[in-house]
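Structure record follows, encoded as structure tokens.
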């Protein structure tokens with residue numbers, strides 16, 4: 001999963017749906033994260049570049065002869081570039097392969113930083129213009145790497161992924177100023193952008209579009225839904241088969257609601273007697289009417305006689 005930050009490309013739509021294997025997900029996640037750090041991932045490279053910029057760009061600007069006010073303007077101009085590029089970057093990352101975009105922006109960063117890396121001293125206008133352009137490129141790397149990593153992780157593991165991303169970025173941001181500072185002390189202030197160019201070249205070489213390996217995943221993992229025939233659509237078992245419902249809650253509800261309360265035996269007998277009496281009353285009334293009719297007929301015959 002975490003290797004997606006360093007070298008994986010777009011997810012192949014033909015791959016079977018997979019989820020992390022239970023019991024081994026944590027170890028596999030840590031293994032993939034450590035492998036990504038050791039492999040020089042995009043997040044680590046972004047930390048090297050951005051950390052060295054924030055720590056040493058004011059020193060570089062001061063060595064170029066800028067006043068304190070101009071150093072502040074230079075830093076504000078570069079940070080403004082990173083702010084402005086985020087919205088169009090989001091549109092591009094939603095439409096194109098993020099691994100390809102990371103390679104393109106890393107290569108563009110190398111080209112944009114090359115003039116500042118080659119020439120020990122440049123005019124103020126060139127410094128501001130090239131610094132703005134280089135900042136446009138360098139502040140694209142970390143958002144792309146984070147977005148790409150989240151594309152290949154389950155929703156319930158994004159908190160763990162974010163922790164690993166921040167840790168990796170922090171490692172790069174800690175090492176970057178130290179390494180760039182040593183190079184600047186030995187060869188001059190313009191070596192800051194030479195260091196940025198070197199980190200950009202490494203990113204271009206390491207980030208290669210390729211399929212996600214799914215080493216920590218299983219092929220026959222359960223789906224996030226349960227397929228049911230139409231005949232079960234009205235069955236009470238539908239709730240029990242819902243993966244979002246806790247099984248213990250379903251069992252408790254079935255024990256309390258499914259089992260009907262048994263009626264007392266006396267009430268059942270009384271209801272049966274009442275029903276029998278109700279059916280017998282019309283029959284008794286019919287027999288009485290017929291007897292009275294026969295009695296009247298006999299009396300009329302007696303009077304005639």
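Glycine is no exception: its Cβ is also placed from the backbone N, Cα and C atoms.
Those TrEMBL annotations? Automatic predictions, nothing curated.
Source: prediction; values computed, not measured.
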Annotated transmembrane segment segment (source TrEMBL; candidates 100-120, 226-246):
100-120
Looking at 73-93, 262-282, which one is transmembrane segment according to TrEMBL?
73-93
Do you know which of 10-27, 190-207 TrEMBL annotates as transmembrane segment?
190-207
Is the transmembrane segment (41-61) in contact with the transmembrane segment (190-207), using three or more Cβ pairs under 8 angstroms as the rule and ignoring pairs under 6 apart in sequence?
yes
